[in-house]
Structures are given as C-alpha cells and as structure tokens.
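Lifted from TrEMBL, the feature list:
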type     : residues : note
DOMAIN   : 34-493   : domain 'Major facilitator superfamily (MFS) profile'
TRANSMEM : 71-87    : transmembrane segment
TRANSMEM : 99-119   : transmembrane segment
TRANSMEM : 125-147  : transmembrane segment
TRANSMEM : 159-183  : transmembrane segment
TRANSMEM : 189-209  : transmembrane segment
TRANSMEM : 230-250  : transmembrane segment
TRANSMEM : 262-279  : transmembrane segment
TRANSMEM : 300-325  : transmembrane segment
TRANSMEM : 337-358  : transmembrane segment
TRANSMEM : 365-384  : transmembrane segment
TRANSMEM : 390-412  : transmembrane segment
TRANSMEM : 424-450  : transmembrane segment
Amino acid sequence: MLMSCFSVTMEHELKPQQPENSIASIAGWRKSILLFIFCFAQFLDAFNNSALFAAIPPISAAIGISDSNSVWLISAYQLTFAALLLTTGRLSDLYNPKWAFIFGLLLMSFSSLGCGFVRSQVPLIILRAIMGIGAALNIPSALAMIIGMYPDPTAQGKALGGFAASATIGNVTGLFIGAALAAFVSWTWIFYLITILSFVMAAAVLVIMPLHISFIDGLSLSQGERFKRLDLVGVSTLTVSLVLLVYSVTTGSIDGWGEAKVLVPLILFFVLVVAFFQWEGRIPEHIAAVPPKMWRYQNFTILIILSLQPFMFWVATQLLLSWYWQFIFDWSTIDVAIHFLPLGVISFPMIAVAIILQKNFSLKWVILMGEILVIAGTLLLPFADSKPHYWRYAFPGFVLGSAGTTVVYATTNIALFAVTPPEVAGIVGAIFNCALQLGAAAGSAIITSIQTSTEKNHGGTSSFEGRAAGFWFMFTFTALEAIGVAIFMKNTVPALKAQNQGGGDQKEQQTETLRPGVTYRHAAAALRATATISEHSFTPHTAQQQ
C-alpha cells in the first residue's frame with residue numbers, strides 16, 4: 001500500500017483554548033515521541049504488506065501454499081483493513097482514540113506472533129486478517145490524535161506530511177527488510193519484528209501519554225448512540241461479501257467455475273452486496289458507512305472506480321513476478337527486491353510532477369495523462385518473460401506504469417475533495433481508501449485467478465503465459481477506465497492555478513462549479529497529508545459552510 005486515507009466523521013470545530021488535560025496540551029519531548037510513534041504506525045502498516053512480497057515464495061514453500069492461494073497472504077490483511085476503515089474512523093471519534101490505538105497495536109502484535117509460529121495455511125491467513133483489523137484500528141486513531149495534538153493549521157500540516165511520508169518509506173524499505181530477513185535469517189522474523197515493534201509502540205503510548213486525557217469528539221453521546229453510529233451490520237455485511245468474492249475467484253481458477261463451492265460464494269457475494277446497499281439506504285445517513293447520497297455527487301462514482309486501479313497495479317505486479325523471478329530466473333530474495341525498486345522510487349518525483357500538472361491542467365486531463373502512462377506500462381509487462389527482457393520491457397513498464405499510477409492516485413484524491421462538500425470529508429476519505437485497498441485485494445485475486453486458469457492449458461507455472469494474461473487484464477482494465485473518464489467524467493474541476501489566480505468573476509464561477517464550501521486548499525491539504533483529514537482540520541480554518 002503506497003499510501004493510506006483515513007477519517008473521523010463527527011462535525012465540530014476546534015476551539016482556540018484547549019482544556020488543560022486535552023491532547024493538545026501535551027508538549028515537549030512527550031509530543032515529539034508520540035508523533036514519531038503515530039507516524040511509525042503508518043510506516044508499519046505499509047511495511048506489513050511490502051515486506052511479504054519477496055518473502056511469499058519461501059513462505060509458500062514452507063507451509064505448502066499454492067501459487068494461486070498465496071494471494072491470500074496479502075488479500076486477507078487488505079480485506080479486513082479496507083472494510084473496517086468505513087467504521088474505525090468513527091470508532092476513534094466516538095471513543096477515546098488512545099485505547100483504539102493501543103488495542104490495535106496489541107492485536108497486531110499477538111496475531112503477528114502467531115503468524116511466526118503457525119505452519120498451516122488456514123490459520124496463517126486468519127491471523128493475517130486479524131492483523132488487518134489491528135491496522136484498521138490503529139491507523140485512523142493515530143491520525144485523529146495527530147490532528148488533536150496539533151490544532152494549529154501550519155503545525156498540523158507538517159505533522160500530517162510526516163505521517164504520509166512514513167507510508168512511502170515503509171513501502172520501499174519494507175521490501176528490502178523483508179527480503180533480507182527471508183534470505184539471511186528466516187521469513188518468520190518478518191512477523192517477529194512486527195510483533196516486537198507493535199508491542200513496544202503500544203507500551204510506549206501507554207507510558208508516555210497521560211492516563212486522563214480528553215478528546216473533543218463525540219464522548220458526550222450516550223453509549224447506545226455511539227454504538228449505532230458504528231454501523232456494524234453494514235460493515236460486517238460488506239466484509240463477508242468481499243471475502244466470499246475473493247474465495248470464489250481464487251477457488252474457481254483451481255477447481256473449475258462450475259463447482260458448487262465456487263458458485264455458491266459468488267452468488268452470496270452479489271446477494272450481500274445488494275443487501276449492503278439496501279441497508280445503507282434504510283438507516284439514517286449520519287449512521288450509514290456509505291450514505292446513498294454520496295453517489296449523487298458529480299464525478300464521485302467514476303472517481304471511486306478509478307480508485308480501484310492504483311494499489312491493484314502495485315500489488316498485483318509484485319505478486320505476479322516475485323515467484324517467477326525466484327524460481328524460474330533463480331534470483332535471490334534480495335535480487336528480487338532490487339529489481340522491484342523502480343516501482344517505489346519513481347513515485348517520489350512523480351508526486352511533485354502530479355502537483356505541477358494539477359496546477360496547470362484541469363484534473364480530468366491530468367487523470368487521463370496518468371492513465372495513458374499506465375496503459376503504456378502494462379502494454380510492455382506481458383513481454384517481460386526472460387532475464388534479458390527485464391531492461392527492455394519490465395524496467396520501462398515499471399517506470400511508466402508506476403509513474404502514471406502515482407499521478408492517478410494523487411489527482412483522484414484531489415478531485416474527490418473538489419467535488420464533495422467539506423461536511424462529508426470524513427466519509428469521502430473512508431470510501432476512497434476502502435476502494436484503494438479493495439482494488440488491491442479483489443483485483444489481485446482476480447488477476448491471480450486468470451493467471452492460474454491460463455497456466456492450466458499453457459505450460460503450467462513455469463510458463464510466463466499466465467502472468468502475461470494477468471498483465472493483459474490490467475491493461476484492459478486501465479484502458480476501460482481511461483475511456484470511462486474521457487466519456488463520463490465532467491470537466492468541471494479546473495487547474496489549481498486558475499483558482500488561485502482568478503478574479504472575482506472566475507472565483508464565482510468556480511464556486512458554482514465546485515460544491516459550496518469546498519476550496520482547493522482542502523484538496524491541497526489532503527494531498528499534502530496523502531490522507532483524508534478529518535473535519536477537525538477542514539472546518540475551523542478553511543471551510544465556508546453554507
């Protein structure tokens with residue numbers, strides 16, 4: 001996961017005067033250490049997946065996980081993480097985020113410890129899913145506490161920038177640390193390291209943060225009202241439906257699509273998805289995890305569909321190639337990590353390029369530029385079937401694909417905030433991040449299924465045909481997205497520079513084009529943090545309410 005977006009959805013304003021026992025009153029070395037710990041939680045979330053990519057082949061060999069089922073090592077974590085993000089932001093808002101953070105870290109620590117000891121496929125996958133629950137608890141709560149500790153907009157922006165950068169660092173370094181541990185020690189030490197770090201972080205927060213600390217969110221609500229606002233029925237329904245989808249597509253590629261154990265979960269998936277949206281439409285909007293009104297905002301649906309692509313590209317590319325490179329190319333885990341390096345490194349400069357493009361072109365055209373780069377990259381990757389073809393096809397495919405994906409990710413983030421009002425900023429962020437993670441989990445499962453089905457009739461696992469078919473799926477999916485953007489996305493979000501330099505008439509026109517109260521300062525803040533900042537940070541100093 002390159003980046004993550006989180007939110008808290010309660011409506012309130014930060015007060016200039018903070019109570020003596022508020023989290024904002026923490027100062028000195030305590031505040032600095034707590035900020036480091038909260039940022040490190042974001043680092044650890046990214047590390048949790050990237051450290052496994054190069055280690056999946058030795059893990060699969062040790063436990064007896066097939067190549068097609070190895071996707072569950074990543075998807076189990078991402079499914080629970082993504083679905084629960086729709087409610088854990090509210091959990092941190094309605095209850096004390098300190099305890100959500102500590103419990104999430106402890107849950108991750110003990111489940112990761114279990115991952116290091118088990119030698120069976122199903123328990124390992126279940127424990128990975130529990131780790132995802134832990135991450136879903138501690139990341140939104142960390143973000144909520146950072147915002148609470150830094151009410152000043154300038155200081156808050158810097159703190160959130162560090163929070164966002166931690167994810168990128170974790171994504172890149174995790175690949176190498178995981179590869180080094182798998183190569184020179186044992187793959188189990190990836191999980192032991194996560195166990196130790198998570199436990200130490202939880203203990204540190206427990207010791208450093210004052211026992212009685214107040215937060216300014218929904219603590220005045222009754223217990224019953226708080227529980228209702230978690231929408232556990234809706235989120236549980238969505239989670240189960242997604243697990244059934246991934247199970248169906250991974251099993252179908254192995255046992256055949258006509259089998260009952262494939263068709264029944266697939267049918268149940270569609271039934272539960274319909275039930276989820278029916279439920280969300282029946283309950284009050286302030287309780288619903290995904291209120292129906294969200295889909296009526298201009299461009300919102302097409303932008304959420306776009307959000308399925310970025311993490312799918314990064315995760316599926318590494319899943320498709322890591323096993324092949326280690327067992328067919330005979331590359332070590334360190335060699336694999338080095339050859340994957342362009343995927344992560346190119347993202348750093350492309351964030352800056354994306355910002356420049358957003359200042360000079362309307363966001364629709366910036367997204368299309370990014371999609372064209374991804375199409376070019378995925379067009380090359382199906383031909384990277386030998387060592388000499390790495391530099392001819394894989395390397396430029398990585399650079400073009402990852403560069404375009406970064407532009408799409410960053411600009412979609414901006415555009416979503418530009419077309420929705422600030423009072424739903426929290427919900428927008430939760431849905432956006434959920435879509436990113438679901439694209440990685442479900443998309444990777446579908447691509448792995450295509451790979452396995454193709455290999456049955458085209459040379460088996462030692463052939464590159466199945467992996468090429470997976471890349472052709474990504475090419476087709478991205479091309480269809482680009483066509484959808486070109487046809488269906490309204491070109492109503494102008495370049496950021498136009499808004500900043502425009503005169504009174506232009507500003508009036510843009511105010512009509514965008515949703516009332518939405519400014520590009522909101523979107524810029526969201527990109528700077530690469531997280532959906534809760535309404536704490538939007539409302540007090542930027543939002544103009546209707």
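Each Cβ is built from the backbone N, Cα and C atoms, and glycine gets one as well.
Note that this is a predicted model, so its numbers are computed, not measured.
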Chain residues in Cβ proximity to the transmembrane segment (300-325) (below 8 Å; excluding those fewer than six residues from its ends, i.e. six or more beyond): 1-2, 49, 53-54, 56-57, 60, 67, 70-71, 74, 78, 294, 331, 335-336, 339-340, 343, 367, 374, 378, 381, 384, 394, 398, 401-402, 405-406, 408-409, 412, 415-416, 419-420, 431-432, 435-440, 443-444, 447-448, 451, 461, 464, 467, 470-471, 474, 477-478, 481, 484-485, 488-489
Selection from 99-119, 230-250, 365-384, the stretch that has most Cβ pairs under 8 A to the transmembrane segment (189-209): 99-119
Proximity of the transmembrane segment (159-183) to the transmembrane segment (99-119), 3+ C-beta pairs under 8 angstroms: no
Ranked first among 71-87, 99-119, 365-384 for CB pairs under 8 angstroms with the transmembrane segment (125-147): 99-119
Beyond the flanks of the transmembrane segment (262-279) by 6 or more, those residues with Cβ under 8 Å of it: 233-234, 237-238, 240-242, 244-245, 247-249, 251-252, 255-256, 290, 292
Top Cβ-contact partner of the transmembrane segment (230-250) among 71-87, 99-119, 337-358, 424-450 (pairs under 8 Å): 71-87
Tertiary contacts of the transmembrane segment (99-119) (same chain, 6+ residues out, Cβ under 8 Å): 38, 41, 44, 48, 62-63, 88, 91-92, 127-128, 130-131, 133-142, 145, 188-189, 191-192, 194-196, 198-199, 201-202, 205-206
Contact yes or no, the transmembrane segment (71-87) and the transmembrane segment (424-450), 3+ Cβ pairs under 8 Å, gap 6+: yes
Overall pLDDT for the domain 'Major facilitator superfamily (MFS) profile' (34-493), taken as the rounded mean: 87
